[in-house]
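Novice: Feature annotation from Swiss-Prot assigns (6S)-5,6,7,8-tetrahydrofolate binding site to 112, 116, 117, 118, 247. The feature site 'Plays an important role in substrate specificity' is assigned by Swiss-Prot to 220. Among the features that Swiss-Prot reports, N6-(pyridoxal phosphate)lysine is placed at 221.
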């Protein structure tokens, strides 16, 4: 029996995606091959454990699939080790953190309101509940990471683990400087490249793989794969560490912390989708795509600046940027609602040293991965920025209706992947 109610809802979502300009920096559109893999019969298979070490029979095919995903991930990032089982970036971070340190140890991560992530020490996350969390932020003047300040904080709190990475920071992060700081205070270094993995894989950003003890990522966002997580290691993969009161290699500790430590059976259909996405990212076309993402992001940021709006840190080096809306006299929450009414989707976002509650926020976050996947170029991206400014400045309901129709007509001319 066909579930008409559910499939009608899915079709409504497909229509929404076709007719909306998608600017949420953490979202993207996967290929039909990725969707086919994720929607395959592999969803039927339980496969607790790892290839050749399963707790169930009938795993020979999924062993080959997981090994394929692992080998492609290692090739893509130049890694010596990869675990493709984490269900999400947050679960990848949980496993990575808990393989390196124990509950009660000290973590130093980027302040959430300055661009960090919940799993980097926020009190509402496991990382802040189970660990003694400290934070670093950006300079009030430059709104960029001040590495001397990070060093001073690290010397003061002596963390067991330093986390480098962000969810709303528009500048390239110097992972080598973070490793120097970690070495100085005898801390482990975890680099979270969930947002910039596509830029790292294609060489547009420096790679932390052989710099950090562990690197984590999501497999969606700029990697354009299915929603999921990934843990990588470079030359530190066989470093001996104390895990659960036993001396073992880092890769072995991570494997144990993913399963059985924090997860049960892996999602084999999603791992297959990851394998497809890694293969796609190894092609030259993907590097061209990331180049266009960066170009489109910079074009939008520059247009906002030319129209008198302030961009946090003055610009962007990656796939996203933050707009301070204080000059327009509206909040991020206001802007999110206004723009959704004209079929432009993005999110409200706190800006550094924001005086407003995060649920209201003074800014918005804008990203170009999804629109670039639909084929928008630099000029198209500037047009998108123009739509946004028109919508945020108008006081006319009729004008908003007009903008919505223009947006639908414009974005509908671009195919979905």
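Using the three backbone atoms N, Cα and C, a Cβ is placed for every residue, glycine included.
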Novice: Mind giving me a neighbour count for residue 247 ((6S)-5,6,7,8-tetrahydrofolate binding site)? Other Cβ atoms within 10 Å of its Cβ, every protein chain shown.
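Specialist: Excluding its own Cβ, the number within 10 Å is 9.
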Novice: These are the binding-site residues: 112, 118. Which one scores highest on other Cβ atoms within 10 Å?
Specialist: 112
Novice: DSSP secondary structure for residue 116 ((6S)-5,6,7,8-tetrahydrofolate binding site), reduced to helix/strand/coil, please.
Specialist: coil
Novice: Of the residues named as (6S)-5,6,7,8-tetrahydrofolate binders, 112, 116, 117, 118, 247, how far apart in Å are the Cα atoms of the most distant pair?
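Specialist: With 112, 116, 117, 118, 247 as the binding residues for (6S)-5,6,7,8-tetrahydrofolate, the largest Cα distance is 34 Å.
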Novice: Give me the Cα-Cα distance between residue 247 ((6S)-5,6,7,8-tetrahydrofolate binding site) and residue 221 (N6-(pyridoxal phosphate)lysine), rounded to a whole Å.
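Specialist: Here the two Cα atoms lie 36 Å apart.
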Novice: Could you tell me which of these recorded positions, 116, 117, 221, has the greatest number of Cβ atoms within 10 Å of its own Cβ?
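Specialist: Selected residue: 221.
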Novice: Cα-Cα, whole number of Å: residue 220 (site 'Plays an important role in substrate specificity') versus residue 118 ((6S)-5,6,7,8-tetrahydrofolate binding site)?
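Specialist: Taking the Cα atoms only, residue 220 (site 'Plays an important role in substrate specificity') lies 18 Å from residue 118 ((6S)-5,6,7,8-tetrahydrofolate binding site).
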